[in-house]
Amino acid sequence: MAIVVVTGTGTEVGKTVATAAVAAASLAQGLSVAVLKPAQTGVAEGEPGDAAEVARLAGEVTAVELARYPEPLAPATAAARSGRPPVTPQDIAEAAAKLSAVHDVVLVEGAGGLLVRYDEQGSTLADAAALMHAGVLLVASPALGTLNTTALTAEAMRSRGITCLGLILGRWSGAAGLAERCNLTDLPAVAGVPLLGALPEAAAARPPAEFRARAPQWLAPQLGGVWDAAAFVRAYGLPADRAAGGAAGGPGAAPAGVPDGVPAGGADGVPGVADAAPAGGADGAPAGFAGAPAEAAAPGVPDLPQAPVEQAASAVDAPAAGDPGVSQQPPVAG
Ligand SMILES: Nc1ncnc2c1ncn2[C@@H]1O[C@H](COP(=O)(O)OP(=O)(O)OP(=O)(O)O)[C@@H](O)[C@H]1O
Ligand SMILES: [Mg+2]
């Protein structure tokens, strides 16, 4: 039903782990999920690729690769060097359409960043996203150096008429420094899209059962989770005045008393939208970003299909209950 492309500001930013989290949150809502990795590079035959990693972490997903090239290079280059045919945007769109006919959610993970080439004509994941009219999730690092690549990627999408659904921070450290904390407001501002999630640093190392149980706490309601961007920014960001030295607790010290996964917009905030059509307003968008421009939250954020609220709520309640130490943590499971 819904085809969502997952790209990143570059390689190794956490696209696969973010894809797994979105898949897990969708599965927890009772939705069927397929993961499509159009071109897997840098992995030998027989070894698990990104789609398999998503299945390992998230559970029962249909994992599909269209092509595999052993050298760790951009798909076009790796394909040319391997002598095998490249994957074209048409191939990607066709495969995604087939999967979407029999799954509620199809997640398409690119290779590297948005404009990495897939074939000798210079086709990119952006071409595939445009062809599929798919929304794109942009996974970004929260660390120093991320603002430029995030802004450029968002601008490249806008200039092509591609909808960027929002940002996911691929790896958020509990010991976030000044740059990370400032970036919580600067990233959505430069990208012009909302923050839709933050994955804790050790997410991929967790046992799969725990990963699945926690995933909804790392993702905003638009992605089937209960993560509250505003609460997260309040917990980790800097005060609005941004005065040097004005950061309560100093870098890395999260204010106490912010409960894990704070479902302020949580169960109640899970929209009952059953398809990926644009919400047509700010209804489902995380509100209240300190310092983010009004337009960041203004565009309708197309939602993934949503299961009935009862299901979403139970998926959310489970991991938080009886989780030692979690209640004192900021709103991402540490
Ligand atoms: N939140 C996280 N917790 C733990 N490990 C992580 C996290 N995010 C990423 N990693 C690790 O960092 C590495 C790169 O992450 P990942 O594979 O998700 O990046 P990617 O953007 O998908 O890269 P590629 O461009 O190769 O597809 C992996 O070994 C992954 O397990
Ligand atoms: Mg990957």
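Glycine too: its Cβ is placed from the backbone N, Cα and C atoms.
Automatic prediction, not curation, is the source of TrEMBL annotations.
Per TrEMBL, the features are:
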ACT_SITE  LYS37  active site
BINDING   GLU12, VAL13, GLY14, LYS15, THR16, VAL17, ASP50, GLU109, GLY110, ALA111, GLY112, GLY170, ARG171, GLU201  ATP binding site
BINDING   THR16, ASP50, GLU109  Mg(2+) binding site
BINDING   THR41  substrate binding site
COMPBIAS  287-301  compositional bias 'Low complexity'
COMPBIAS  312-326  compositional bias 'Low complexity'
REGION    287-334  region 'Disordered'
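Known features from TrEMBL, placed on the structure.
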{"residue": "GLU12", "record": "ATP binding site", "Cβ within 10 Å": "11"}
{"residue": "GLY14", "record": "ATP binding site", "Cβ within 10 Å": "23"}
{"residue": "THR16", "record": "ATP binding site", "Cβ within 10 Å": "24"}
{"residue": "LYS37", "record": "active site", "Cβ within 10 Å": "29"}
{"residue": "THR41", "record": "substrate binding site", "Cβ within 10 Å": "24"}
{"residue": "ASP50", "record": "ATP binding site", "Cβ within 10 Å": "24"}
{"residue": "GLU109", "record": "Mg(2+) binding site", "Cβ within 10 Å": "28"}
{"residue": "GLY110", "record": "ATP binding site", "Cβ within 10 Å": "29"}
{"residue": "GLY112", "record": "ATP binding site", "Cβ within 10 Å": "22"}
{"residue": "ARG171", "record": "ATP binding site", "Cβ within 10 Å": "22"}
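Put simply, GLU109 (Mg(2+) binding site) is 11 Å from GLY14 (ATP binding site) when counted between their Cα atoms.
Highlighted here are the recorded positions (GLY14, LYS37, THR41, ASP50, GLY110) whose C-beta falls below 6 Å from ligand 1: GLY14, ASP50, in sequence order.
Secondary structure at GLY110 (ATP binding site), taken from DSSP and collapsed to helix, strand or coil, is strand. Residues THR16, ASP50, taken from the recorded positions THR16, LYS37, ASP50, GLY110, are distinguished by a CB atom under 6 angstroms from ligand 2. Per Cα geometry, GLU109 is the residue among the recorded positions LYS37, THR41, GLU109 nearest to THR16 (ATP binding site). Reduced to three states, the DSSP call for GLY14 (ATP binding site) is coil. GLU109 (Mg(2+) binding site) has its Cα within 10 Å of the Cα of these recorded positions: LYS37, ASP50, taken from LYS37, THR41, ASP50. The two recorded residues, GLY110 (ATP binding site) and LYS37 (active site), show a Cα separation of 7 Å.
In terms of Cα spacing, the binding-site residues GLU12, ASP50, GLY112 that come within 10 Å of LYS37 (active site) are ASP50. Comparing GLY112 (ATP binding site) with THR41 (substrate binding site), their Cα atoms are 10 Å apart once rounded. Per Cα geometry, ASP50 is the residue among the binding-site residues GLU12, ASP50, ARG171 nearest to THR41 (substrate binding site).
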